[in-house]
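Swiss-Prot lists GLY34, GLY35, HIS36, ASP54, HIS81, ASP100, GLN107 with the feature S-adenosyl-L-methionine binding site.
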Amino acid sequence: MDYKKIHIPVMVKEVIQLLNPYGGIYVDATLGCGGHSLAILKRLSPDGRLIGIDRDESAIFYANRILDDSRVILRKASFSHLKEVLSELNIEKIDGIIFDLGVSMLQLKDFERGFSFHSEERLDMRMDQTEPLTAWDVVNKYPEQKLTQIFRDYGDEPFARRIAREIIRQRGKKTIDTCKELADLVKKTVPRHGRLHPATQIFQAIRIEVNREFEELRQGLLQAVELLNSGGRICVISYHSGEDRVVKNFFREEEQKGNLRILTKKPLLPSLEEVAKNPSARSARLRGGEKI
């Protein structure tokens, strides 16, 4: 797979303006293919350091191709292990950190990973392939009530109960094995509005459940603020209301505690020019804060 053809980092200019990297230690907590890391490196001083972290082994592999620099260290880990990873590197404090949330294009374009509507591969959606829970388990083993709750809480899906009932009915005949089977089931069950595929929010909800994304995000944000030096900055890009709500509430709580100064009273949005070049950026929301 040629990552250069599929990966366009989102809101790079705005992230760099907020982080304002130069000297010190910076962390890209969602390495992906290394787009944001590369932009940070271009601004980083010769004695600066950049730590790239991702729970996806393939992200580490691809990022290694473009981040061949003595200032860079890459590690496979989830948000909740942020402090542990840095401790192993004898790093107690950092000067900036970026979180670019959600699924990466690298994962979406790899049909074998089971993230795409069109994939004929088995339902998977694990960002970390060593984790036991898969999308297949959620779809074929969870009871109706739990499916409904996940679809509502993580996907803001108005037809959550109807879709959950149809999944239960269908799997009574045969297991739902592939992403395409699930996408087709949802498409037949609910009306389509606009250009968005009707299964978009369902896939999002299942992915969040499989990867414990909200729990990991809260842990990552907590550890990040603890690790920041005074004046250090945190940037978070989210792509749907649930993620953004977690980030917004966390920033407010930390501001009330006197730990953080919010730099973005309202989230920054991608420019019309960026969205035209990279449609996947259209739902991005960027929030930033500075450690007090």
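A Cβ is built for glycine as well, from the same backbone N, Cα and C atoms used for every other residue.
Keep in mind it's a predicted model, so treat the numbers as computed, not measured.
Sequence features, as recorded in Swiss-Prot, placed on the structure.
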| residue | record | CB count, 10 Å |
| --- | --- | --- |
| GLY34 | S-adenosyl-L-methionine binding site | 27 |
| GLY35 | S-adenosyl-L-methionine binding site | 22 |
| HIS36 | S-adenosyl-L-methionine binding site | 27 |
| ASP54 | S-adenosyl-L-methionine binding site | 27 |
| HIS81 | S-adenosyl-L-methionine binding site | 19 |
| ASP100 | S-adenosyl-L-methionine binding site | 23 |
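Under the three-state DSSP scheme, ASP54 (S-adenosyl-L-methionine binding site) falls in the strand class.
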